[in-house]
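The compositional bias 'Low complexity' annotation in TrEMBL covers 9-22. Annotated region 'Disordered' per TrEMBL: 1-23, in sequence order. Taken from TrEMBL, the feature repeat 'WD' applies to 127-160, 175-217.
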Amino acid sequence: MGQEENKDNQIQQEQNQQNQDDYPIFDEKVLTDTFQTIWEQENSILSCRFSNDDHNIAIGQQNNNIRIFNTKELKTVCELKDQETQAACMAVRWCPDGNIKNCLLSAYTNGTVIYWHTTSNKVLYRYEDDENPINAIDISQSGTHFATGGNDGLIRLYDIGKKSKPVVFQASEKAPLHSNRVYGLKYDKNNPNLLLSGGWDNTIILWDTRTHQSEGFIGGPRIFSDSFDIKDNLLLTGSWRNDHQLELYDLRKLKKVRDINWENFTYNKKKDSQIYCCQFSKLNPDQILAGCSGTNEIRVFDASQDYKLVDIFKQDINSAVYCLDIAKTSNVCAYGDADGQFGLLNIN
């Protein structure tokens, strides 16, 4: 009996040591779970966005359904599903509040963009480009235009609510066009005439929305979703690859500032991580959140601690984290994964 007990103790010690090697010990818990659910198993959540007042979250799913989730009641208050659009919803964006409030744009892999009025569940307008699956959209701060990017690598600019044909952006001497699929688009809030795009060609291109031409580019980041963000003159990029996943660039110089250490620590060495989504926290811009595949988790880094990894959240996340969004008025993060799980996290 003594030998068996010693053997059991040894096995337990080895398991404890393995757990310590696999899971780093942090000084404090930064990410805490407040809500988790799966509405439909294996119906991937591909995009999510807080509304302008943070009261609702639009959630785009693989089966083309969009859920409007109320953050106070913690439940779905309506679903937007267009019978003519049988394709995955790749991106959602709330329109700035104007004469009509609670309007949303959604983009689909069949080349359709739909302009919704969410409270009445009505399609206000439909934009179609049958030959080009759309993977990314973003809306200008004025709310008058939106841009799309898709499989053909071209960036198109539309007038919201008008039937005019889109303007197709052109290359210039300063920068080329994309040579592969586009998966990310973002207007710079500090410069309303600047639009950034990224995708599979390992290039971020800067566009002037007045001239409809490329104004510069950054080589390196491999963008596979909403995986870049802007704070002042800093560009945060998350790449779908096994090294140099998280980086910062200077938008004025178009040069890399630094890596944010993602892979070089003891946690879970047996698995690679590829980033699908990342953002600066809006209330605490020192905090950066990123979601990934491989290790299937959300990580938070702190710029005030030299961009140190300060916490990891992976409770009940068993598949790639495809999307995340951070609220504007509170430190709350929404996320969705490949298995169809949706969750909310408090960021302490």
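Here the Cβ of each residue, glycine as well, is placed from N, Cα and C on the backbone.
What TrEMBL says about a protein is an automatic prediction, not a curated fact.
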Mind tallying the repeat 'WD' (175-217) by DSSP state, helix then strand then coil?
0 helix, 27 strand, 16 coil
Run through the repeat 'WD' (127-160) and tell me, per DSSP, how many residues are helix, strand and coil.
0 helix, 19 strand, 15 coil
Can you work out the mean pLDDT of the predicted model over the repeat 'WD' (127-160)?
95
